[in-house]
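I have placed the structure first, in the form of structure tokens, so that the comments after it can refer back to it.
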Amino acid sequence: MGKIEKAKQLISLSICVKIIGFLIYGLYMPLITPHIDDAIRDLLAGKPVAIPTETVYGLAAPINNEQAIRAVFAMKNRPLNHPLIVHVAQDWDLNQWVKDIPVYAQQLIKKFWPGPLTLVLRCKTEQITPLITGGQTTVAIRCPAHPIAQELLIKLGIPLVAPSANPFGKVSPTTAQHVSESFPNQELTILDGGRCTVGIESTIIDATHVANYQILRHGLIDEQTIAEVITIPSLDHENTLRVPGKLESHYQPQKLLYYFTDYEALTHFCQKNPDKIYVIASKKPIGILGEHFHRLKEHPEQVAFDLYYQLRKADTSDAQVIAIELPPATGAWQGVRERILKAGAPYSS
């Protein structure tokens, strides 16, 4: 066989591979990379990039590129009136983007940044597009603790929006592979930073008032921890600010998730069809398969680390239903409990 014939065969084989790839996966596939320069290249080109943070992986775009931000909304199928969180590097001057920062907010920044705490502040509307704020005069802003996110922000020199890198309302990703599974047919660069160390989204605080604050979304930084840093009172009345995670249904797995307020009710449910239920609980009910069980740890930080990871594992198992034992409604447990309540439904026999 001559060189021309061999070349023709190779071209034909390449075309066949592309056609098969298109039929199986779609036109594009995500690319997982450890190289920050790959992420910077795509971000500067106006393409969303999935990045690691300590909480969950985020789908990032520069705050000064409306086209890229719209692409983030489109990829996630996220409502345009649902605000985004701005991510900044450590020690950046927030006065570039926000105004009237209360003293207590500065104290919280000093204590918890970089870390899983988001502050809602009054924004400089000429610096922040309404796409980010959902048309509000406030903006949510945080400083991620993940070293790769920090390095990326510093090298890029521009804040990033970075909502969770998954379709809107579904389980957030805590590994690069989770992101790839969430967007299997997308041309998407995924910056690999390992498994997220926190595992659920940040606490969000309304810091637009001088004399008080309000927790809008619970996370691992709870009210008691905050009270150790600042002395002003917190409010608990209904707040009209729109922030991520406030919808009634969110963080949902593909499979039906039932939550149980007590272990006995959960075990009774599991007796009906034990080989088809994936259980997340303090003890393994009789009859539940070992591969369909994850034991709840003793501390909220441990449970938060595992929660989304286990929900995704349950989704890929051959179980048909997920059953989870609700943790307490106190302290740092509130962040985990809030995610479960929004992701599932109470079981009623």
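Just so it is clear, glycine is given a Cβ too, placed from its N, Cα and C backbone atoms.
If you look up TrEMBL, you'll see Thr55, His87, Arg142, Ala162, Ser202 marked as L-threonine binding site. When secondary structure is read from DSSP and collapsed to three states, Ala162 (L-threonine binding site) falls in the coil class. Around Ala162 (L-threonine binding site), the same-chain residues at least 6 positions away in sequence with a Cβ under 8 Å from its Cβ are Ile51, Thr53, Gly58, Leu59, Ala60, Ala61, Leu84, Ile85, His87, Pro144.
A coil conformation is recorded for Arg78 (ATP binding site) in the three-state DSSP classification, outside any helix or strand. Around the Cβ of Arg78 (ATP binding site), the number of neighbouring Cβ atoms within 10 Å comes to 18. As annotated by TrEMBL, ATP binding site applies to Arg78, Thr138, Ser164, Ser172, Arg217, Tyr251.
Look at TrEMBL and you will find 33-221 tagged as domain 'YrdC-like'.
Taken from TrEMBL, the feature transmembrane segment applies to 12-31.
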Sequence-distant neighbours of Ser202 (L-threonine binding site) in its chain (C-beta under 8 A, six or more apart): Thr55, Ile85, Gly115, Pro116, Leu117, Thr118, Arg142, Arg217, Gly219, Ile221
Residues flanking the L-threonine site, with Cβ no more than 8 Å from the Cβ centroid of Thr55, His87, Arg142, Ala162, Ser202 and excluding those residues themselves: Thr53, Gly58, Ile85, Pro116, Thr118, Pro144, Glu201
Distance in Å spanning the most remote Cα pair of Arg78, Thr138, Ser164, Ser172, Arg217, Tyr251, given for ATP: 25
Neighbouring C-beta atoms (10 Å sphere around the C-beta of Thr138 (ATP binding site)): 22
Other C-beta atoms that fall within 10 angstroms of the C-beta of His87 (L-threonine binding site): 26
Cβ-based isolation winner (fewest other Cβ atoms within 10 Å) among the binding-site residues Arg142, Arg217: Arg217
Mean predicted confidence [pLDDT] for the domain 'YrdC-like' (33-221): 97
